[in-house]
Amino acid sequence: MKPLPSTNGKVNGNGKHHDSSLSSTSSTSSSSSSDTQFNISDRYGDFLHRLDTLDTWPKSNEQILLEPYTYLNNIPGKEIRSMMIDAFNHWLQIPRPALEIIKKIVGQLHTASLLMDDVEDDSDLRRGVPVTHKIYGIPQTINTANYVYFLAYQELSKLKPCLSSNASTDLWSLVNDELLQLHRGQGMDLYWRDSLTCPTEEEYLQMVNNKTGGLFRIAIKLMIALSPLTETPDYLPLVNLVGIIFQIRDDLLNLSSVYTKNKGFCEDLTEGKFSFPIVHSIRADSSNHQLMNILRQKPTDIGTKTFAVSYMKDQTKSLQYTREVLTCLEEQAIEEVTRLGGNPALESIFELMHVLPSPPATDQH
């Protein structure tokens, strides 16, 4: 029998069919393999000695990584911490270059913590614009926030030469201890929210002292460490008091109409957060479960939130109670400033922070 003809090959002298396409493929494969081996050898043969060329970080990459941070940092905030640093420098007399480094460190830590807070609270607005993770996504926002924490530590090394030769202060431990406190406070705040556990006022104040007071203490402790003065009074009780005033004030304003533009309408209720007025209201009448059930629902509608604010205002008088607590704490802070020798800049900050009577948030939003 004759071999069948093929359109793709020839019949050799032995009558066997020879597939030219297979021969061509084999030849191409061999050639390709040779080229690949040449390219790999050429590219990676001396790779060990070229590794240092990979150890570069282009400025363009840095800008990409920091874009979520830059987005929020470029939106004006309250700047209370920066103002506090300047005010305390009336007493501590830190040289301006070191003071600016401290401001930068505290600013980095503060903005990074806000990036994380907004993710953890699933917020919509921050400073009147969409929160960072709604634009850049949660993974990139978290990574950037963590990166900025380490940038702050990098800045910290610039303060080491500013310490006096006999100073034994460990700046890294100082900052680390306060960041631990900050995360402890934040952790309890999140636990109460997610487990629907209403803390006592005392537990709430302890949480705030850890969480909000942490960045204030970092600033003042760094300033004390770098102060040229041989002796300084104990400023930390005042610093802690200011942190608590700041947070309770923030809690009150969140339920006020003046806060709606920047943070949204009664956002603490939507987050299910146990703020100072909410804690008081729940504890004031434990037989009434309306407010707890509203927090459980994490309402987004204006009607439910307006009802909750009216309940706190009219039934448990919690807004008035919060205002009276703030007034009491502000008076103590002013007395402490006077005892420490007076400080016009701090007194101006207290005047700025004082909450005047304002209408609670209503459904006329």
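Yeah, the Cβs are placed from backbone N, Cα and C, and that goes for glycine too.
Around Arg81 (isopentenyl diphosphate binding site), a 10 Å sphere centred on its CB holds 19 further CB atoms from the protein chains shown. What Swiss-Prot records for Lys78, Arg81, His110, Arg127 is isopentenyl diphosphate binding site.
The Mg(2+) 2 binding site annotation in Swiss-Prot covers Asp117, Asp121. Using a 10 Å Cβ-Cβ cutoff, Asp121 (Mg(2+) 2 binding site) registers 19 neighbours.
Secondary structure at Asp117 (Mg(2+) 2 binding site), as computed by DSSP, is helix. Neighbours of Asp117 (Mg(2+) 2 binding site), defined as other CB atoms within 10 A of its CB across all chains, total 17. Annotation source Swiss-Prot lists Mg(2+) 1 binding site at Asp117, Asp121, citing similarity to another entry.
Take the CB of Arg126 (dimethylallyl diphosphate binding site) and look out to 10 A: across all protein chains shown you find 23 other CB atoms. According to DSSP, Arg126 (dimethylallyl diphosphate binding site) is assigned to a strand segment. If you look up Swiss-Prot, you'll see Arg126, Lys211, Thr212, Gln247, Asn254, Lys263, Lys273 marked as dimethylallyl diphosphate binding site, on the strength of similarity to another entry.
What Swiss-Prot records for 1-11 is compositional bias 'Polar residues'.
Taken from Swiss-Prot, the feature compositional bias 'Low complexity' applies to 21-34.
Sequence annotations record features per position, and here Swiss-Prot assigns region 'Disordered' to 1-36.
The feature site 'Important for determining product chain length' is assigned by Swiss-Prot to Tyr149, with similarity to another entry given as support. Taking the Cβ of Tyr149 (site 'Important for determining product chain length') as centre and 10 Å as the limit, one finds 16 other Cβ atoms among all the protein chains shown.
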Using all protein chains shown, find which of the binding-site residues Gln247, Asn254 scores highest when you count other CB atoms within 10 A of its CB.
Asn254
Return only the integer: C-alpha distance in Å from Lys78 (isopentenyl diphosphate binding site) to Lys273 (dimethylallyl diphosphate binding site).
22
Run through His110, Asp117, Asp121, Thr212, Asn254 for me and report the binding-site residues whose CA is within 10 Å of the CA of Tyr149 (site 'Important for determining product chain length'), in sequence order.
His110
With the isopentenyl diphosphate site defined by Lys78, Arg81, His110, Arg127, which remaining residues of that chain have Cβ atoms positioned within 8 Å of the Cβ centroid?
Gly77, Glu79, Ile80, Thr111, Leu114
